[in-house]
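Engineer: Structure below; questions to follow.
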Amino acid sequence: MKSNTEVQMLLENEYDDILLKRLHQLHNMRHQPNQFTVLVREIPLCGEHKARDCSVDHFFSKYHPHSYESYQILYDGEDLEKLFNQAKSIKSKIEKLRHHFIRKHNRNLLQSEALNNDAQIEQLKETLQELFRRIQHTQSKMQLRAKELPVAFVTFKSRWGAALAAQSQQISNPLLWITEMAPEPRDVLWRNLAVPYRYLPLYKFGVYVAASLLTVFFAVPVTAVQGIAKFERLKKWFPPAMAVQLIPGLRSIVTGYLPSVILNGFVYIIPFAMIGMAKLAGYISRSRKDIKACNMVFYFLVGNVFFLSLLSGSLLDQIGESFSHPRDFPGRLASAASAQADFFMTYILTNGLSGFSLEILQPGLLIWDSMKSCMWDRGKKKRPYLYSLPYYRIIPFVALGILIGMVYAVVAPLLLPFLVGYFCLGYIVFINQIQDVYITTYETCGQYWPYIHHYILVAIVIMQITMIGLFGLKSKPAASFSIIPLLIFTLLFNEYCKIRFLPTFYQCSVKDARDRDDFDEKTDLMEANLRNAIDAYCPPCLRPPDIEDVESSSLEPLLTST
């Protein structure tokens, strides 16, 4: 009871500390335009002008007259995106032709070849100029009106006004004028803003179903891998495996280390599959998409790597007995956990040694960059392959390590030194990766912590259920029953944290917003930050085409007069 209370006190203190750091970080990032901006969805048509842009202006001018500043209505930019892609392709062809000419410049180049090269570039430039004219025509106000989306970014004169508008119900119908704080501009997924709001539950439900099916069907390779770990069963399924006994020491490698290697190989592809599914869920920002992928990967690992590894063998019989006799589940879990201690020890070693070494070496990115350089990007300027921290590939595996540590702290404490080494090595590796390798593509100011806190509490709950079963196996019913109040207390503690800390991670309090406004007014930064917010949310389809690049790169003629 005392150790459980100490763990929860540590979690509460950590939650409070992360919350204070989040507020401090938000105060330091007062220049960010998303603190002044609200995303508005399901905007109805203006009854007078039959348009949505004037509807936004009329509504916020009337109901938020003292804080409303400006708005940016969004448009269906699919046609414009195609035109921009065509322009980009033509610019790439011009660069290739110029590079081809420069490469042959030191060799004997025929006058006719140079003239032909020059003519091709001129023809491409004319096509490009025509594309730019079409883009500018499509970007005209009359053309865009027919492509309006019921979505807008509304900028307010103060953070206080934006916080009030984002957290208020605008009209009696909650399905219209839906407001929330905008993500920062670099975090926005512009294409997903075109997804109708009423369809989002269907998209998310489809992703849930797909992730669940992947979790269920992945049980087949996991169960097969665990069959290797039990040599007697392996001999029954695959009689030639008896030859392993002829080589000294090979049996321990095959049944001990090999299953973990194979399992890690299978599981490696899962984060990429989950992030692909999360892209289809219609999230408006990269951070939300990555957090969703984190959740799906974590529960996949809990279901497949942890529980299926424990219940492997006569899997259907085990699951059927667990459902028909739910009271026996803690004992079944405890006995299975005790039997699989060696497997999880090798799994932690494999995941730590191979996973962190691959993270440092980045072989996948090196191979991908080499393929690009030697194939379709051959001869082009080298661009560094910089990526953001793959949260969806890191956090769930660390959380699984916490879960294994929590459970085996009771069942097999010998595993704990290996976990300590795993976390220490991981800390060293990722401090280097975050500081020197990955770039920051968006800033959440600690919004991942509530999920990590939730994963830790899931680990504590599973550990307590395992303790109930373990004491039951050792014929100590009094000790088993004494764990039940701890389990209830843990669930109540989780609800307390949701009420006490969680809202501040997703909403900006009026007091904090007002304090930041007052600080900006005292330091004369309010006007500059507001001006930055007004111009920050221009959608990609409305940005002017980049003509200067082509014109500047074509100033020198290919043929020089002699």
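Each Cβ is built from the backbone N, Cα and C atoms, and glycine gets one as well.
According to TrEMBL:
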- 35-192: domain 'CSC1/OSCA1-like cytosolic' (DOMAIN)
- 80-141: coiled coil (COILED)
- 204-471: domain 'CSC1/OSCA1-like 7TM region' (DOMAIN)
- 205-225: transmembrane segment (TRANSMEM)
- 265-284: transmembrane segment (TRANSMEM)
- 296-316: transmembrane segment (TRANSMEM)
- 344-368: transmembrane segment (TRANSMEM)
- 389-408: transmembrane segment (TRANSMEM)
- 414-431: transmembrane segment (TRANSMEM)
- 452-473: transmembrane segment (TRANSMEM)
- 479-497: transmembrane segment (TRANSMEM)
Engineer: Across the coiled coil (80-141), what does the mean pLDDT come to, as a whole number?
Structural biologist: 74
Engineer: Looking at the transmembrane segment (452-473) and the transmembrane segment (265-284), are there 3+ C-beta pairs under 8 A, with each pair at least 6 apart in sequence?
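Structural biologist: These two stretches do not touch.
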Engineer: Looking at the transmembrane segment (414-431) and the transmembrane segment (344-368), are there 3+ C-beta pairs under 8 A, with each pair at least 6 apart in sequence?
Structural biologist: yes
Engineer: With Cβ-Cβ distances below 8 Å as the criterion, list the same-chain residues six or more beyond the ends of the transmembrane segment (265-284) that contact it, or say none.
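Structural biologist: Result: 39, 183, 188-189, 192-193, 195, 199-200, 203-204, 206-207, 210-211, 214, 218, 221-222, 225, 290, 292-293, 296-297, 300-301, 304-305, 390, 392-393, 396.
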